[in-house]
Amino acid sequence: DGCGYTVLGPESGTLASINYPQTSPNSTVCEWEIRVKPGQRVQLKFGDFDIDDSDSCHSSYLRVHNGIGPTRTEIGKYCGFDFQMDGLITSKSNEVTVQFMSGTHTAGRGFLAAYSTTDKSDLITCLDNASHFSEPEFNKYCPAGCVIPFADISGTIPHGYRDSSSLCMAGIHAGVVSNTLGGQINVVISKGIPYYEGSLANNVTSKVGSLSTSLFTFKTSGCYGTLGMESGVIPDSHITASSILEWPDQTGQVKIWKPENARLKRVGPPWAAFISDEHQWLQIDLNKEKRITGIITTGSTLAEHYYYVSAYRILYSDDAQKWTAYREPGMDKDKIFQGNTELYQEVRNNFIPPIIARFFRINPLKWHQKIAMKVELLGCQFSIARAPKITMPPPPPQNKNDDKYDDLSDDFIHSVKTSLQTDKTTFTPEIKNTTVTPSVTKDVALAAVLVPVLVMVFTTLILILVCAWHWRNRKKKTEGTYDLPYWDRAGWWKGMKQFLPTKSAEHEETPVRYSSNEISHLRPREVPTMLQTQSAEYAQPLVGGIVSTLHQRSTFKPEEGKEASYADLDPYNSPIQEVYHAYAEPLPITGPEYATPIIMDMSSHPSTPLGIPSISTFKAAGNQAPPLVGTYNKLLSRTDSTSSAQALYDTPKGQPGPSAANELVYQVPQSMAHSSGSKDE
């Protein structure tokens, strides 16, 4: 009466004391006799051990024996609170007896243990979770019977499971291992997510979970794709049923819930049987043999029709005549699959091992109100591995006097026939996981070395060619006629055009002439205005007498409507035009950067009334900042009090006094030093 949760499989299993993980009752006893295939041994691993040791293992203990029956021998006797048992307990034969004795005690959860054959060196228990392992990826063996009521999981596939979930229980939920048989799991740890969904699959309910630091998933063969119910790959004519529900609605229209309505996630009514009994079925023709690994079902998905199937069994066939019910290996009863618990939720069940068949039937056994469901099948294509063709050598020549050759030939033929005999069920070859890195051959390793080397060589050659091309172009530029040294290029624009030819050769030595008529016929207020508006676009003229240097260029604004010329006698008498050249000619590189100012006493001019302020558009003498373009400054009349009318400039050539003609040719203005001297005199 002391036996608790127990699942004893052919190669592995799980056992626990009564009432685990709560305190076990007093004065109880239980014995488990474990037997595996001959030639193998049994190993035992404890996931939790908490037995009262107040009387030194006298009345409460766990004892393990080699063998079964009176001839068994003791391996060990164990007790203690939170006892940590490192390693595995291994038997000497294929039989083991585990005995639990519970005396008078007030505390102690009891124990939970797992067993397997010794070839499963990576055995874990149903209580182990991902947080117990630090590796990012590992393989473990789960024992049978890990759908335990005292453990829980959070999450689902393909998103993953919370790290606090039981590894083996999650493996059953994901369809990686079977609760009846156990099996190997390949676990991958990754970063956690904020929310874990819950679902029902393989009789395991996954709960909703919160944020965790990590999660885990499983590597599988990848044979879990949909087979065409939802997508419509399976035509309507390949979906049949034992009966169809038909009835008229309130408007008198007949509603028919046909078999082709049994497609998962299709909007509308499902398939429903006209008669609700255990002889109804829904049949799907896959057109050819497929590897079927699972099934997903829902109820009617209509709130006004609360119908669903809560339990069913699976049958399959190759010809739709002879049907086989699905059973787990080693079991003599048909497997009953848990269905839906309500009409909306999707419930998944996996087939371990998978079903290889063309025709697939669902036989409902339990339902709510009426038999109604929608379905999708999971799996992949199935390819039959053909046996290699064997060519028999010709028999040796017969000798009538010697029968030994006949015996050898008969024995050879018999051995070949025996080797060709196979089971009716053909198993698919192992499907490798695409995430596993294939083995690297020597050729691949050699290519991995040569390819980077060749890339580097070609890259170096390309860089050398590009550098040589740039160097050649730069050399050509430095040898150009108009190119300047690198250290003089900051002001190249100031003097480069002095080397260019002039516009007209006939004006090379034409003297520059100034006219006073333009100023004399203007009103006093128009003079500064004209100078101010016209001085913004062009540089100011050079101060000089005659431009006699070859290729010297003028910086005056050319007149509009005719070719620019230095021989115009009166460039200021031409009408003032609004359109003119956009740029002035650059100053010569040998001359000063700014023109020498023309300082002129307008009061001495006979045609100009006294009192008009003198105007200048040149750079001021000295270290003062030059005035802005378009501004004007008053010219100081450099005269003494005794001779206020004396100008700082010489009188025009060939004229005795101020009554000169309209066109005056001026000499070079006196320098500032000369003017000062005259003033002093």
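Using N, Cα and C of the backbone, Cβ positions are placed for all residues, glycine too.
Worth saying up front: this structure is predicted, and the values here are computed from it rather than measured.
Cross-referencing Cys3, Cys79 with TrEMBL gives Cys3 as the cysteine bonded to Cys30, criterion being a recorded disulfide. Feature annotation (TrEMBL): of 117-137, 516-536, 642-662, the stretch labelled region 'Disordered' is 642-662.
Between the disulfide-bonded residues Cys3, Cys30, the minimum number of other C-beta atoms within 10 Å of a residue's C-beta occurs at Cys3.
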